[in-house]
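Trainee: The region 'Disordered' feature in TrEMBL is assigned to 1-108. What TrEMBL records for 57-77 is compositional bias 'Polar residues'. What TrEMBL lists as transmembrane segment is 131-149, 161-182, 203-231, 295-312, 324-350, 370-394, 406-431, 451-478, 508-533, 539-560, 580-600, 620-642. Annotation comment: TrEMBL describes Gly137, Ala139, Val140, Asn144, Ser380, Asn412, Leu478, Asp481, Ser482 as Na(+) binding site. If you look up TrEMBL, you'll see Cys243-Cys252 marked as disulfide bond.
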Amino acid sequence: METKDMMMTSMLTMDKEENEGERDKAREEVGGEQEGTQQENGRLMLADGLTEKAPKSLTSGSGQQVSNGFTTSTPQSPREGPGTADSSRDTASGPGGCTGSSVPPGGLRTLVVQQTSLERPRETWSKKMDFLLSVIGYAVDLGNVWRFPYICYQNGGGAFLLPYLLMAVFGGVPLFYMELALGQFHRSGCISIWKHICPIFKGIGFAICIIALYIAFYYNTIMAWALYYLISSFQPTLPWSTCTNSWNTGTCNRYMSTDHNVSWSNSSTSPAEEFYTRQVLQVHLSPGLHQLGSVSWQLALCLLFIFTIVYFSIWKGVKTSGKVVWVTATFPYLVLLVLLVRGATLPGAWRGVVFYLKPDWQKLLSTTVWIDAAAQIFFSLGPGFGVLLAFASYNPFHNNCYKDALVTSSVNCLTSFLSGFVIFTVLGYMAEMRKQDVDAVAKDAGPSLLFIIYAEAIANMPAATFFSIIFFLMIIMLGLDSTFAGLEGVITAMLDEFPHILVKRREWFVFGLVCVCYLGALSTLTYGGAFVVKLFEEYATGPAVITVVLLEVIAVSWFYGTNRFCNDIEVMLGFYPGRFWRVCWVAICPCFLLFIIISFLAFPPEVRLFNYHYPPWTTVLGYCIGVSSFICVPTYMVYHLLNAKGTFKQRLLKSITPEPSSDQHRDLIVTNAV
């Protein structure tokens, strides 16, 4: 919980001759108090330069109540009146201190009471780079590696970059900037922040936390798959490079240009595909979502190891996770550069690059291209998951979050572009070796692109074991960053909402949260777990989080007010946001999000995985999971209105009126009390 320092000055005049004895007595009583501690409750400053500690409740038999609710230890003289109080108004110098230059010869004194909070100060980042690397690590995730390259070549290659950049400039980056500014100014998580913006929308915070849990249920399972591959890589011959293993079938063919005696047919499967489907996932043992089968103990142990790393990285807060990201956020870039250099030197790499970037301008006339561009930039930057609010809340108040938003979002987009070269140089190599077109090789998207196509390409490279180890280690680290961030968003939200219960028990709360995530992920570790992962990915998170962010933008821009929000930014950064940002927040961003939502409803995705087509009842199940998180928003609105007091109009007005935020960043307010 943020420190709430309220400094209020009360100037009381007193006759020196009548009250000298009482003042000396008060001085003796407080003289023994310990000085210089963070637990000081008040400070007594006399106009003649004397400074003394005083207890929080300075009272006497006839103590007077001053403007901040505390009582003075010196009774007011009967001869003092409004005129006397006014005459001493100029004796205080304001925030800089207290001087007695204007004290009249009668010996009038000024009593200054400063109240400071006893609450624990809010945790902050150790270094600025801890914050930047954490945000970059969160934004740059597995989707940058497998989703962007696939969507790019599917939607016109180089031509896709135009709608992608337009959606980033007018939609993604303004939302990214808005969340960083909100979190940094109000210094609160995604639940408690709403009392300072628009209290009736507090359900958005609870919905975000539930969505984050759903993501944790399936996202970490993908890292468990990568860990299985990593462990299997410590062999002289990679197990997915041959067809002589116990899990292989008769249709397995290792078809490369060097294998002249092998013929490839439509029914043939590669050793990499069989290793992924029959050994890692064991999906052949499950007929579908209606019969998932038992839990794979190998994947259960891999996921347990992943969550153990997660727990010990975030259990102490951003002080520890901020150090871990120095490895997990930077190592993937080193691996990407190594793989890019290796891929560029492979035969046929140029074919993949041409296929990746060759523009097809006719594609821009298709609505699907613009929908994919909007969805990709939104899920890549990741506003609306509570993470940016949480991370920014640990920043210094005057940190330049505007610059941070531009830097981190640019790094994220460039990383996606770089990943395309890393993937497609290898796909070009595979096409060259198989004597096929690149589009025939790059027919799979999502995890299959990494765990089948890229894994098979690595297996056929020189030094295959080395490249396999660093590649799957990179996949794990890309996922860990996003998991750290997603769970930190939930932890910050709950600690800020229930500080008296959870702040001193953070380690136990994080342990309980990680256990819940592990238990929730057990369904994804079954033989049919891959079907569950696909269902969560398509329905449980996407539509719900976009709808939540739409409501968030409306609440901030239309209810809280763009002018008020811009004034907050000016207080923090020293400059008022330009017209471009204001127009984006008020009009363009809501239209951007509404466009994605309508397109999703108008063109629902056809969900299939391998040879399994999802039946209609699974679509209903997916929408129910998505609605289960979003339902928090209208539920809390009804709850808030029912519990408010007054007429319906008074309740409604109070529910959209923000509570005053902390005064800790504002100048000292000087008031007078009689």
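Including glycine, each Cβ sits where the backbone N, Cα and C put it.
Source: prediction; values computed, not measured.
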Trainee: Any contact between the transmembrane segment (406-431) and the transmembrane segment (161-182)? By contact I mean 3+ C-beta pairs closer than 8 Å, pairs at least 6 apart along the chain.
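Mentor: When sequence-distant Cβ pairs are counted, the transmembrane segment (161-182) touches the transmembrane segment (406-431), since at least 3 lie under 8 Å.
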Trainee: With a Cβ cut-off under 8 Å, give me the same-chain residues at least six positions beyond the ends of the transmembrane segment (580-600) that come close to it.
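Mentor: For the transmembrane segment (580-600), the sequence-distant neighbours (Cβ-Cβ under 8 Å, at least 6 residues beyond its ends) are 167, 170-171, 174-175, 177-178, 367, 370-371, 374-375, 378, 542-543, 546-547, 549-550, 553-554, 556-558, 562, 565-566.
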Trainee: Rounded to the nearest angstrom, how far is the Cα of Cys243 (disulfide bond) from the Cα of Val140 (Na(+) binding site)?
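Mentor: Computed Cα spacing between Val140 (Na(+) binding site) and Cys243 (disulfide bond) is 35 Å.
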Trainee: Where, among 131-149, 161-182, 295-312, 370-394, do we find the most CB pairs under 8 A to the transmembrane segment (324-350)?
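Mentor: Counting Cβ pairs under 8 Å, the winner is 131-149.
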Trainee: Hey, how far is Ser482 (Na(+) binding site) from Cys243 (disulfide bond), Cα to Cα, in Å?
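Mentor: So the Cα of Cys243 (disulfide bond) lies 35 Å away from that of Ser482 (Na(+) binding site).
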Trainee: So among the binding-site residues Ser380, Ser482, who's got the most Cβ atoms within 10 Å?
Mentor: Ser482
Trainee: Please work out whether the transmembrane segment (451-478) lies in contact with the transmembrane segment (203-231), by counting C-beta pairs under 8 angstroms that are 6 or more apart in sequence and asking whether there are at least 3.
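Mentor: Taking Cβ pairs at least 6 residues apart, the transmembrane segment (203-231) and the transmembrane segment (451-478) are in contact, with 3 or more under 8 Å.
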Trainee: Near Gly137 (Na(+) binding site), which residues of its chain come within a Cβ-Cβ distance under 8 Å, counting only those 6 or more away in sequence?
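Mentor: Result: Val325, Thr328, Ala329, Asp481, Ser482, Phe484, Ala485.
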Trainee: Check for me, if you would, whether the transmembrane segment (539-560) reaches the transmembrane segment (508-533) - at least 3 Cβ pairs under 8 Å, residues 6 or more apart in sequence.
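Mentor: With fewer than 3 qualifying Cβ pairs, these stretches do not touch.
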Trainee: Honestly, do the transmembrane segment (295-312) and the transmembrane segment (620-642) touch, with at least three Cβ pairs under 8 Å and pairs 6 or more apart in sequence?
Mentor: no
Trainee: Can you tell me which of 161-182, 203-231, 370-394, 508-533 gets the most C-beta pairs within less than 8 Å of the transmembrane segment (131-149)?
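Mentor: Stretch with maximum Cβ contacts: 370-394.
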Trainee: Under 8 Å between C-beta atoms and at least six apart in sequence, can you list the same-chain neighbours of Leu478 (Na(+) binding site), or say none if there are none?
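Mentor: Spatial neighbours, sequence-distant, of Leu478 (Na(+) binding site): Val140, Asp141, Leu142, Asn144, Val145, Pro332.
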